[in-house]
Amino acid sequence: MSEISNLRWCELLHKINGIYFGKVKEKRGYFPIFAAFIKKKIMRIDIITVLPEMLDGFINTSILARAQKKGLVEVYVHNLRDYTTDKHRRVDDYPFGGFAGMVMQCQPIDACIRKLTTERTYDQIIFTTPDGEKFDQPMANELSLSKNLIILCGHYKGIDYRIREHLITKEVSIGDYVLTGGEIAAAAMSDAIVRLVPGVLSDEQSALSDSFQDNLLAAPVYTRPSDYKGWKVPEVLLSGNEAKIKEWELQQSYERTKRLRPDLLEHTGLNG
């Protein structure tokens, strides 16, 4: 995977989405911000699942609901059972070789994906699987530049491997553990991707300053009151001195990353 950093991600957004950017001095160089207007680019995400009810509530709340209401993103959930030729609406069968568990069959998956891909072109056809490429912020940045995505939720023992060989373009895991199904992974990925689409968040800089955007964890954040039961906010944040606040923020980000996720520092050039 080609990692897309904070700055590179913004440059690509500028080029692909037709966004006009201004620039402000930020803690790690000059980062583009949204300065004038956003030219709409509607992203479409199609999620294929055997348990659509697990996703119905998720896609109609919070960030995904806001993105759809603004007309920036369209999310569709497809019940795989609607595409099977089995009269009992089965989509799985026993694996060859006598292995344990059940395997999702080729036919309904093929039928659903073929129907979608004959209607439009997709940037990626993603399969959620524990043995896939690890999902991280650079991948979210990359996928947020897509126009159309399919996410196939794994279930049971997995899917017939021929689907992975012939139809899937990207295999993704959200961690080294096994879930009952890929719906939770699909929801997590969709949330991480959609919040990066220009115009979804009211404060575009919020997405740019999230943890992992620069391979550093975010600095601590505080709100009013400045003194609660003797628990005080760091004085520098109340000083109004922007330069010192930025310096504090970077130092805190570095120290938290070194303590909690030292592996991330390998990609920053700060692991001295």
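The backbone N, Cα and C atoms fix where each Cβ goes, glycine too.
Whatever TrEMBL says is automated annotation, not expert-curated.
For reference, TrEMBL has these:
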- 43-266: domain 'tRNA methyltransferase TRMD/TRM10-type' (DOMAIN)
- Gly154, Ile174, Gly175, Asp176, Tyr177, Val178, Leu179: S-adenosyl-L-methionine binding site (BINDING)
Environment of Gly154, Ile174, Gly175, Asp176, Tyr177, Val178, Leu179, the listed S-adenosyl-L-methionine site - residues of the same chain whose CB lies within 8 A of the CB centroid: Pro130, Ser173, Ala185
Other CB atoms, at most 10 A from the CB of Gly154 (S-adenosyl-L-methionine binding site): 25
Local Cβ density at Asp176 (S-adenosyl-L-methionine binding site) - other Cβ atoms counted within 10 Å: 8
Other CB atoms, at most 10 A from the CB of Ile174 (S-adenosyl-L-methionine binding site): 20
Candidate with the highest Cβ count within 10 Å, taken from the binding-site residues Tyr177, Val178, Leu179: Leu179
Mean predicted confidence [pLDDT] for the domain 'tRNA methyltransferase TRMD/TRM10-type' (43-266): 93
